[in-house]
């Protein structure tokens with residue numbers, strides 16, 4: 001008998017709880033093993049013997065029309081790291097569309113696709129057979145030129161180094177991974193070593209069998225500490241029980257200051273028009289200045305607001321009045337998004353943007369199953385022999401929880417050099433383009449050089465805290 005966050009299943013198999021977050025929960029280990037690698041960011045592939053129990057080789061795919069016009073890879077960037085970032089963007093848009101389809105058009109949405117992808121990449125370390133194949137396909141890891149699944153982990157380490165070890169500290173972007181394993185279980189040493197070296201996921205033994213509720217509280221407290229208290233109570237009651245073997249958690253925290261701040265004196269109450277035709281009053285921020293902007297297909301406006309340091313930006317996608325945001329969501333593709341971003345040019349703008357705070361919490365299980373990740377969640381079909389020492393095939397993921405938070409105000413964003421242009425009053429805006437986000441819009445927070453989508457969401461009702 002195992003209980004998960006959704007229901008109860010009768011089976012002889014053991015469960016792993018998966019908690020993406022901004023977080024995720026999965027596996028575990030009992031003893032910690034030191035690796036000779038001193039710094040993963042300067043290591044070479046030969047320095048990190050990634051030898052999981054199973055390796056999947058992606059089949060060769062025929063070139064399709066249009067291939068060969070690839071973007072120029074940024075300088076000093078590993079090609080495979082660039083491809084991994086693109087794979088994450090493909091997964092982000094696909095997962096977002098599945099999630100949006102399951103929600104009401106008036107619901108806010110916010111998530112970190114990078115957090116979800118990272119946590120399931122860690123799961124992939126112990127996967128075999130069709131379970132491994134589905135993980136490679138659903139998360140688009142099979143699009144990376146390096147065709148063997150074991151090398152993905154090395155490229156994830158390099159991607160994390162690019163994102164989280166920046167010399168510029170004007171924005172705060174922090175990620176943390178942790179394994180919480182049942183203290184009675186002995187876990188595969190290779191799995192432990194790779195998890196710690198590549199993902200920085202150290203083991204903390206807990207007593208799931210003897211005190212499941214205290215274990216749940218301990219994990220939730222760790223998550224809260226790593227997100228500055230912004231993410232709490234991710235794991236719901238009864239999600240962990242005596243059948244839980246391991247929980248893997250990934251957290252991402254971002255806090256950034258606008259490169260060009262909004263003056264609080266310019267913030268006024270204005271109406272925001274929701275998808276159902278109703279309106280509500282919201283503090284609307286305002287400023288005039290030069291920003292990267294483009295009006296694209298069917299009048300959709302795309303605006304990029306940089307944070308200090310210019311390496312991380314917020315992208316807003318605002319449909320014209322006559323076009324529902326749901327239509328933009330359904331039509332959006334990774335290539336379309338990349339094309340829009342490439343076309344942005346510096347434009348003198350009048351920006352109206354709501355002051356808002358949104359929080360979202362959901363299970364990712366149903367969406368991932370719809371995308372083809374079925375075996376991992378099946379007690380009968382799951383194959384995760386590379387996690388425990390004895391190579392058992394009785395483990396599966398019972399559920400996967402995700403919780404994310406975003407706050408945007410005059411100073412910047414919390415989720416995260418040129419002259420500041422701020423007008424102390426509202427002018428007549430002659431010869432200026434107006435970007436007025438007084439209706440539902442999409443929001444992305446991305447790392448610019450690699451175009452890595454860190455966060456993604458929909459602001460449908462900023463009046464709800």
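Every residue gets a Cβ built from N, Cα and C, even glycine.
The heparin binding site annotation in Swiss-Prot covers 82, 162, 178. Annotation source Swiss-Prot lists disulfide bond at 41-161, 54-128, 280-463. The N-linked glycosylation site annotation in Swiss-Prot covers 129, 168, 188, 225 and is backed by sequence analysis. Under the heading phosphothreonine, Swiss-Prot lists 64. Annotation source Swiss-Prot lists phosphoserine at 69. What Swiss-Prot records for 1-32 is signal peptide, and it gives similarity to another entry as the kind of evidence.
Where Swiss-Prot records a feature, it is marked here on the structure.
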residue: 129; record: N-linked glycosylation site; Cβ contacts under 8 Å, 6 or more apart: 54, 383
residue: 162; record: heparin binding site; Cβ contacts under 8 Å, 6 or more apart: 77, 81, 447, 449, 450
residue: 225; record: N-linked glycosylation site; Cβ contacts under 8 Å, 6 or more apart: none
residue: 280; record: disulfide bond; Cβ contacts under 8 Å, 6 or more apart: 271, 272, 274, 461, 463
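When secondary structure is read from DSSP and collapsed to three states, residue 178 (heparin binding site) falls in the strand class.
A separation of roughly 14 Å, to the nearest angstrom, links the Cα atoms of residue 128 (disulfide bond) and residue 188 (N-linked glycosylation site). Nearest in space to residue 161 (disulfide bond), taking C-alpha to C-alpha distance over the recorded positions 82, 178, 188, is 82.
Taking the C-alpha positions, the distance from residue 178 (heparin binding site) to residue 188 (N-linked glycosylation site) comes to 16 Å.
Note: the CA-CA distance between residue 188 (N-linked glycosylation site) and residue 41 (disulfide bond) rounds to 25 Å. The 10 Å shell around the Cβ of residue 463 (disulfide bond) contains 15 further Cβ atoms across the protein chains shown.
With 82, 162, 178 listed as the residues that bind heparin, the site has a largest C-alpha separation of 26 Å. Reduced to three states, the DSSP call for residue 82 (heparin binding site) is helix. Ranked by how many other Cβ atoms sit within 10 Å of their Cβ, the recorded positions 128, 178, 188 place 128 at the bottom.
Fewest Cβ neighbours within 10 Å among the disulfide-bonded residues 41, 54, 161: this applies to 41.
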